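For reference, the structure I am asking about is given below.
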Amino acid sequence: MTIPTEISCPEEDAFQLLDKFSWFPSDDQRRWWEYTGPYLLKLLRDAKYPQKDQVPCLYLLQQLLVPYLGTFPVVGQAPLPWWSNVTTYGVPFELSWNLLHNIVRIGFEPLSHLAESGVDAFNKTAPEECVSRLACLDNTIDLARFRHFQHHLLVTPEEETWLLREKAPLPKSGRGQQTLAVEFQNGGISAKAYFFPGMKSLATGLSPGKLILDSIERLALPGLKEPVHHLRSTLGLQDDGHPTDTAIAPFLLGVDLCTPERSRLKFYVTDQVVSWDRVADMWTLRGKRLEDPQCADGLALLRKLWDLLAIPEGYRSNIRPDFAFGTPPPEDYRPVMMANWTLSPKKKFPDPQIYLLTVGMNDAVVMDALVAFYEVLGWTDLASTYKDKVASYFPGPDFTKTNYIHSGVSFSYRHSKPYLSVYYSPF
């Protein structure tokens with residue numbers, strides 16, 4: 001008799017298996033699980049995750065993430081008590097799919113009743129609890145860099161008191177200071193943290209760019225001066241951290257939660273001027289990277305993606321839109337552009353990643369553009385099935401009439417390969 005070494009279940013039962021005897025302390029958690037669980041499972045299947053890995057991924061969502069998602073959003077009811085930085089509508093949950101490596105990622109902002117009620121006005125408690133629990137689950141998650149940037153980029157108790165006294169009422173959006181992301185790969189998880197120093201900037205008078213660069217400098221990493229110099233030069237960052245071009249705004253630092261020697265640092269900006277020339281400048285570091293063949297090859301593919309998406313060029317005035325949940329963006333809404341650069345002591349130039357935000361664009365048009373780009377890349381299977389996949393994630397809507405399903409597309413190019421991720425609306 002053969003004794004199986006793995007417990008398996010029919011694919012269609014993976015969600016039901018965990019749901020059957022699940023218990024949640026609140027209706028909000030139950031609703032988050034019932035909505036996000038099937039959605040995640042569909043993405044995992046489409047990304048060709050082995051069946052044996054699907055249940056652990058869902059279990060992590062159910063047990064660790066769902067308890068930190070806060071109030072479940074409902075159309076027509078009161079606005080969410082906490083406006084998250086994760087998505088356009090302030091929802092603290094976003095799924096994305098790295099199409100080259102077939103990696104599914106969940107971006108989220110851990111919340112608790114303390115943040116939603118205003119007791120924890122800058123939401124410091126829930127992210128700390130959640131990331132500590134993540135680190136207990138997987139010994140590859142290292143919090144050394146997380147602790148470093150927490151110390152330098154989060155408001156202190158004294159700064160909190162001052163902000164609440166002197167700057168009240170604080171804006172609805174932008175109060176969050178840290179978000180997390182988990183990726184499911186090779187039967188395990190990897191994690192990333194993102195720091196938004198907007199509140200620290202408001203409290204100290206120092207710009208977000210200066211706060212981020214100073215915190216990186218305090219790591220005292222040998223070899224990091226040159227890539228930081230090239231980044232400063234490209235963005236025209238002055239000593240105070242402000243770019244000479246006021247349309248460009250540093251706003252975010254990303255860091256891998258792994259051993260410090262492997263942890264990447266990512267410096268993020270928004271750009272209110274959306275044009276191909278701006279994209280090319282960011283990609284090439286104003287021409288400095290053109291000596292690298294990888295740069296030119298990636299730029300050529302990025303140009304094809306840009307042309308296929310046909311993003312309208314121009315100046316974007318609305319950096320933080322205030323859309324009511326359940327209401328589509330206005331037809332004339334166009335978001336800013338985003339970019340990040342990976343800073344490594346092992347590389348002379350920082351590696352760029354460009355985010356072409358597509359909220360407000362017709363979803364059918366975006367899907368047609370993506371399918372055409374998949375064909376350019378030789379991803380013929382994905383090209384032939386992509387529209388059906390998206391329809392399974394969002395059953396019901398007529399994509400010729402929606403403009404919010406595809407939040408954006410990110411593109412980078414490393415090791416002679418295009419890295420393309422698609423970001424989806426959580427609802």
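Positions of Cβ are set from backbone N, Cα and C atoms, glycine also.
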For the dimethylallyl diphosphate site that Swiss-Prot assigns to Lys192, Tyr194, Tyr268, Gln353, Tyr355, Tyr419, Tyr423, which of the candidates Arg31, Arg45, Arg105 is also assigned?
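According to Swiss-Prot, the candidate sharing the dimethylallyl diphosphate site with Lys192, Tyr194, Tyr268, Gln353, Tyr355, Tyr419, Tyr423 is Arg105.
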If one looks at the chain holding Glu94 (substrate binding site), which residues at least 6 apart in sequence have a CB under 8 angstroms from its CB?
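Expected: Val86, Thr87, Ile106, Gly107, Phe108, Ser407, Tyr423, Tyr424, Pro426.
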Between Tyr194, Tyr268, Tyr355, Tyr419, Tyr423, which of the binding-site residues has its C-beta surrounded by the fewest other C-beta atoms within 10 Å?
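Minimum Cβ neighbour count within 10 Å, taken over the binding-site residues Tyr194, Tyr268, Tyr355, Tyr419, Tyr423, occurs at Tyr419.
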With every protein chain in view, what's the tally of Cβ atoms within 10 Å of the Cβ of Lys192 (dimethylallyl diphosphate binding site), excluding that atom itself?
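The answer is 20 other Cβ atoms.
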